[in-house]
Structure formats: structure tokens, C-alpha cells
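Visitor: Copying in the features that TrEMBL gives for the protein in this structure:
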- 6-29: transmembrane segment (TRANSMEM)
- 50-71: transmembrane segment (TRANSMEM)
- 143-168: transmembrane segment (TRANSMEM)
- 180-205: transmembrane segment (TRANSMEM)
- 217-241: transmembrane segment (TRANSMEM)
- 253-270: transmembrane segment (TRANSMEM)
- 290-309: transmembrane segment (TRANSMEM)
- 321-343: transmembrane segment (TRANSMEM)
- 349-373: transmembrane segment (TRANSMEM)
- 380-401: transmembrane segment (TRANSMEM)
- 434-491: domain 'CBS' (DOMAIN)
- 901-922: region 'Disordered' (REGION)
Amino acid sequence: MTAMGVILGLVGGFAAVLLFKMIGLITHLTLLHDVGTDLPSLRGYHPGPLLLLVTIGGAVLVSLMAAWSPVIRGHGIPESLEAILTRDSRIRPRAAVAKPLSAAICIGTGGPFGAEGPIIVTGGSVGSLLGQALSVSPTERKILLATGAAAGMSATFNAPLAAIVLAIELLLFERSMRTIIPVATAAAVAAAIRVMLMGAVPLFAVQRHLSVSPLHLPLFIVVGALAGLLAVVMDKGLFAAEAGFRALPVRQFWWPIIGAAAYGIIGLFVPRTLSMGYSAITDTLNGHFAIGMLGTLFIAKLISWWFALGSQTSGGTLAPMFLVGATMGACVGMGLTAVFPSMHLVPAAFALVAMGAAFGAAAKAPFTAIIFCTEVTGEYSMIVPLIIGVVTAELVAGPFFEDRAMTEKLFHRGMRVDFDMWTGILHQRVVRQAMRPATCLDAHETVARAMQLMAAEGTPGVAVTEAAGKYLGVVFADDLARRASAQDSDRIPIGVMIDHGVRPLLPREFLDAAQLHLIEARATVLPVVKDGRVLGQLSRADIDSEHVKQRRLETIQPGALRLAGNRRRSRQVGAVATRVALDEPSPVGHRVTPSTMVAAVAHEPEPIVEKHRTATPPVALGRVDRLCERYADAAARLRGVSLTSRLTGAHAMAAVADDWLDLGDRGKSQECIDALCAYLRRQPGIDIDIDIDGGRAADTRVRETITRIITAHLQPTESPGWMGMDLDFTGARFTGTHTFDGAVFAGGRVSFEDTEFAAGEVSFVGMIITGGEVSFLGAEFSGCQVSFNFAEFAGGEVSFDGAGFTGSSVTFNFAEFSGGTVSFVGGARVAARELSFLSPTEFVDGEVSFEDAVFSGGEVCFDTAAFSGGQVSFQNAKFPGTGEVTFRSAAFDVAVSGPWPDTTPPWTWPPTSERVPSPEKR
């Protein structure tokens, strides 16, 4: 990787120099009407009306290029982040050419941008392409992308240290030697190329050395606070501009042209707002502007930048942020000098601090801002004031932000990016801190006893010891069920069925290593052993619980930071998903047909705002408005034709649902959840056309993603969770792989009515129902494998009434019916390959009814099932076919009602009376 860093450093260095030359050439040709490749200062430049033709002409070219390569839109960092998060750091080759060329055209024709964003994309593209050519892993490709980006940044600003920190803060999400060494190598090589070709003078050279007295340091707290508020204004204004362009009744092609007309008009009156503005920053830091000019330049540059970047044209953001921050700081410095003339303040020092503080808070890159400002000016003596100003700005701006300039575009696409670097929690905790008491059995115990114990304890495995307590090995329930027949289970000792190939866990083993071992062993639980003695056991769920607990402890922050840092952080995207809500959310339980479904985007968010306006504090009010916008955006993405759009929409809608719950509005959260369910209810190819690129396979992937999202929110450790919310899958058709494993249905109504489980696999393993209503009324299990293994029916009402088990394999192995009502009545039809209640399923309490069920084919197994409480009814059940219904080794200590058919099916232990004792009592 170090050699790759050298190569990327060379490429990034030369690419940055070439980009500067291209911008200089185009600026000379279009604005100054001469020939040259240096970057003109635009001092004394007085444009005429022809300027509007130049800016609009450049925007037309950018729009044409964007039609060929859409990635050129924007300032570059979000695009690089999106490639890392969603595409395994893959960037198309055309981006390496289109981004710098479009940026050179836009900036050269007057666009108020810098070159840093485009060079980041260019260097990152080269790194990504190199990684793709060498067929390295996604992680290595991410490092190469960030390495190329850092090389471009280093050469652009002659700031290698800042480039390294920026790559770590904004792109890598990791700080280790494998990332720092190649990034640092590339940054150093690129900086050397820059010095060799363009000189070693700092980009923003300050003629007078800046020095600050320790007595002046408190004043930089004031400047930092103002810079923090300015960062909020900059970002919020940018978001408003982007929203305004999205609301225009014109195609996106015209947005850059409208934006160019706006900043062109501003440039007619304030020419120093045009182009990169590097010379304007230098003049501000050297005190060449009067306060009136500073104020004018501050307002004009801010507005022109809003229009330019909001129109989704091509260019970087660092230079505009620097100029806006510097002009504001210079104004403050001059004002303080007038108020305190005897203190001999230096306005340029305040300009420099405000420049870094505004950028650091707006981009959420404080370390980058501190180092950057010292490197680009060469004023290393200003490091302490910069630290004070940047930290203060972050404290002030943090509570106002949900997303920032570098991530706002990703936020609209459903990705919430967290730049906070958390230590490896699982690498700081050891097994003994998370383990729980072990379930152990003597080696002479029988298989039947082991299976009963595992079912009672709810664990899929137990440790096996000898009489003296020495650890021998572990046995797993699925192995026992597979290797021992029901007849042999009462006499085979578990000692002969020990799995010796699985290593136990050690008490001082780190949890991340234990987690990896559990995955590699394909085990959900393993014993913890020291010196041949069993100390406890640890499951994957135990590790997850410990991780959640420690993460919550780590995210607790004191004081003002609590407002910014303790907000709910969404699950990462490590991969981006899209959710398309084509259907109006409908009340759960109502039958929904395609003709009654309306696009969810038609939902008007304004009433939501009015509802909250009287009771919601100002900061939350902005969040409500934002949620309304995000809901509409997510719904629109769910209607998109690309797989990426729909996957992004799915995750975005889930994030909106979570945030409504954070605000305490379950109704609006329910609408978002209904939108996800509505997508699953659609019938592509039946009710509507398959309207997604990639056809049925892509649509299936979206559906699988939505079920994973829903399941993740139904886990007991999830906060905020969707337990108790309504889920309406009425009439859905499940194909592919869908999992509801571990979901907890604790209230509300969940409808799988008239749902068809047609192909693939649907898993409800470990599902827990403790309340509410779950209905499979009229569901058709016709072609896929459905598993309710280890499910717990502990409360509420579960209905399989009228369901058809006609071709699938449906298993309830290890399930426990311990409360509530479970019914298979109303003509439930059983002709499946397999309907299984094995190993052993426990009917402990409550009511289970198979009244009027028709067992007409296939195999229905109640072998080893334990009927020990409540009531089980087979009233009017029919067995007209040739299928086999078996109760081998089943235990009946329960009220079982018939009557049984005259033609006795070939079961081994048929119930023949109203109450039949268990085999042990016979």
C-alpha cells in the first residue's frame, strides 16, 4: 500500500497542478480575454454585461456534462463518501475526467467555488480505479480512494498535514497504521510535486506575522461563537437553496443555468465574488479591505455560493467557506479594535480564526480546520487561538445541526453519516464481563433429557461435563435432533454425541474475537471454560447486548455537548438501501387493492407542522419541518426506477419513522412504517408493471431489504423500536429470502392475511409474540420454506384460520405455545410437504385449535411435542387424504378434544379420549 501511496501522490500532485492551469487558462480566456495559465487575482476587474453570457454558457456546458456523468454535480466530498458507503469505494472512470473538467469550466467562467472538491473526486477516482484494476478488497480500495483524495488536497493547498487529517475525519472512518501510512506517503509526495512546480509559498501568504497576547485569547471565544452561528446560517441557507431548486417546475438540467445567472448578476456588482477567490482571502488576511468592502464581500459571496451550490453545479466548498468566514472575522476584528484601541488588536488574527472556525463547524471537521489554517498561511503561532475558536464554534453550532454541508446530500438519500470515531467497544470488553450462568449436563444424561432442558432454557446448546465437573465438550439441539431418532433419545447418552470440533471460549478472550469464533463455528452459544471448568456461557445475543450497553455509556456527553451528541444515531450504512413507497399507507386490517393505492408522496406534510407548532420548541420545530421534507423525499425515492434509489428510499423512510418516534409522534411514525409495508403489498407483474431497472430480481432485493429493516426495528434491544406498531402485509407475495428472526410482536396488529409465501425462504426463527394480534388468515404457504422454529407464542392472538399449507415446508420445531390463543381453524388446509412441530414443541398454556382443519396430504409431525397445559382442539378436523399425521413420543397431559375420525391415520400415539395421560403416566 505504501508503493501505491507513492504512485497516487505523483498522480494527485500532477493532477492538482493541471487543474490549476486549466482553471487559469479558462479564466483568462473567458473573463480577462487574454491568454495565460496562472490564477488571476481579479483585482481591478470590472466586468460588463457580457459576464452573464460567460457564466450561463459555462453552466450550459456543465449541465451537458452532468447528463453524461451525474457524479460531477455538487462539491465532491458527498460523492466520495457515497462511493465508500454504498459501492465498495468504486468510482466510475468517467468521474476522473468529468469532475475536474466540469469544475474548471464552472470556476473559470466565474463560478464562486474552489478547486478542492473536484481534486478530491479526481484523486479519489484514480485511487478507486487503481484498486479495481488490482482486484483488492473493498477496505483496501477505500484506503486507496482516500489516499488519492489526500494527495489531491495536499497538492492543491500545499497542506499535507491537513490533507491527512481530512482523509481520516471525512473519508476513512478509521485510524490505524494501514490507513495512515499510505495516506501520509501520498500527501508528502503530492506536496513535493506542488512545491517543485508552483513554489513553496503558502497559498494564503500573510505579509505581517500574526502574534496574539495571552490577554487577547478570551476575545477569540466571542469570534468562535459568532463563527459557529455563521456556520449554521451557511449550512441552513444552503439547504434552503437546494430545497428551492428542487421545488422549481423545471428539469434539473436548468438548475445550474439559473444559478449561474444569479451569481453572474452578483458578480457584476461585486467582481471579487467570482471564481475561486483565493486572492480575496489573501487580501482579507492582509488587511487590504475596508470594513465596508468586507461587509459587502461577506454578504455577496455567501449569497452567490448558496445559489451556485444549491443549483447542483460543479465546484468545491472550502474556498467559499474560508472567504465568508475570513470577511466576517475581519469585520469583528475591526469592530473590537475600535472598541478597545488600547489593546492593539490585529484584525487579521480574528479573520484567520473565524475562517477556520466557520469551516470546521460547517463541515464538522475541527481538526482539519485547525491544521489547515496554520498550513495555508504559515502562521503556526496562531494554533492556540485557532483551537479556542474552532472548539467554541463547534459547541455553538452542534445543537442546531442534524446534518451538515458535507453530508446533507447523503442525508436526503437516506444515509446518516456519523464522523465520530468510537473505539472498538468489543475489543475493550472480555468474555467474563458479558457471560451468563451456563447450562450444563452430565455426560450420562440422555438425549431426551438434553433436548428437554435446552427447550426449557431456550438455548440451542449445552456444555457436557463428567461427574467431577470437568468439561468434556458441547452438544447442540439441531445435531441431537438430526442424529438421534425419537425412539433412541431416551437411552442414548449425550456423551457419545459431543461435538469435539468446537473450541470453547476463554474468560479473558476479547468479545470481538469471541464473536468471530461464534460465527466461524456456526454456533449461537458456547461455554466459557478455564482449566477444564465451565464458568459460564456466552451467546451472540449476549455480545450484542453488551455492545449496546457500552455504546450507550460511551455516547453520554456532558453539558452543551449533550444537545449535539446524545441525539439518536441511526444504524450505519455500511451499505445504502432504497425504499420506494408507491402506496398510500392504509389502516392495518383493511383489504388494499392496487386500484386503491395512492402514491405516498401525495401526502402533504404541512398539517404535521401546524399540529406541532403550538407545543414544539423552536429547535424541534425545525426538525418537524425537516422530517416532512425527508418523508416526501423518501417516498419519491421509493417510486424511482433505479435499485439504488429504492434502497436509499427504504432506509430513509425508516430513519424518518425513528425520528418521529423520537419526537413522540407515533401516528406519523406509523405512516412511514405503512409506506414500507405498502411496497411489499405491491404485485409487480400482476397488478402493475415491473417498473425498476433490473426487473424482478432488483424488485426482490428491495423487498428483502425492507423486511430486514422492519425486523431490525422489532428486536428487543432496538431503540427506538417498532414493537407495538401496526404492520400490514395483507395480500403480499413473498419470494426470495425474507427474515423476521427474533422479532418481538408486543402489541398492535400484524397482518399477513391473504399473503402468499410462494418461493424462496421466509424465517420467523425465535419470533416472540407477547400481545396484540398476528393474523395469517387465508395465507397461502404454497412454495417456500417457512420456519417458526424456536418461536414463542406467549400472548395475544395468532390466527392461521383458513390458511393453506399446500406445498411448502412449514416448521414449528422448538416453538413454545405458552399463552394467548393460536388457531388453525376455519378450514385450514394442510397438504404441505411438511408441517412440523418437532424437537420438542411445547404446548404449555393457552389455547391451540385445529378445529375444522383438513389434513389431506403431506406429512404433519407432532413427534416429541409436549402438550402439558391449556387446551388443544382437533374438533371436526378431517383426515381425508393419504398423508401421515404422527404423534411419536408426544406427551399429552392436556385437555385434547376430538372427536377423532373413524378412519384412524397411521399415527404412532393417537389421542383417543378427551384427556389422555402422558406416556410417562401410562
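Cβ atoms are placed via backbone N, Cα and C, with glycine included.
Bear in mind that TrEMBL entries carry predicted annotations, made automatically and left uncurated.
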Visitor: Looking only at the recorded stretches 143-168, 217-241, 321-343, which one has the largest tally of CB-CB distances under 8 Å to the transmembrane segment (180-205)?
Guide: 143-168
Visitor: What else in the chain is close to the transmembrane segment (290-309), if you only count residues 6 or more beyond its ends and a Cβ gap under 8 Å?
Guide: 74-75, 111-113, 233-234, 237-238, 240-242, 259-260, 262-263, 266-267, 269-270, 272-273, 277, 280, 284, 315, 317, 320, 323-324, 327-328, 330-331, 334-335
Visitor: Honestly, do the transmembrane segment (217-241) and the transmembrane segment (6-29) touch, with at least three Cβ pairs under 8 Å and pairs 6 or more apart in sequence?
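Guide: Stretch pair does not touch.
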Visitor: Considering pairs 6 or more residues apart, do the transmembrane segment (321-343) and the transmembrane segment (349-373) have at least three CB pairs under 8 Å?
Guide: yes
Visitor: Would you kindly check 6-29, 50-71, 349-373, 380-401 and say which stretch has the most C-beta pairs under 8 angstroms to the transmembrane segment (253-270)?
Guide: 50-71
Visitor: Among 6-29, 50-71, 143-168, 380-401, which stretch has the most Cβ pairs under 8 Å to the transmembrane segment (349-373)?
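Guide: Per the Cβ count, the answer is 380-401.
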Visitor: Quickly jot the same-chain residues contacting the transmembrane segment (143-168) by Cβ under 8 Å, restricted to those at least six beyond its ends, or write none.
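Guide: The answer is 1, 4-5, 8-9, 11-13, 15-17, 19-20, 80, 83-84, 89, 91, 115-116, 119-128, 130-131, 136, 174-175, 178-180, 182-191, 193-195, 198, 200, 202-203, 365, 367-368, 371-372, 375-376.
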Visitor: Where else in the chain does the transmembrane segment (380-401) make close Cβ contacts, counting only residues six or more beyond its ends and a cut-off under 8 Å?
Guide: 209-212, 216-217, 220-221, 223-225, 227-229, 231-232, 235-236, 349, 352-354, 356-358, 360-362, 364, 366, 369-370, 373-374, 560-561, 563-565, 619
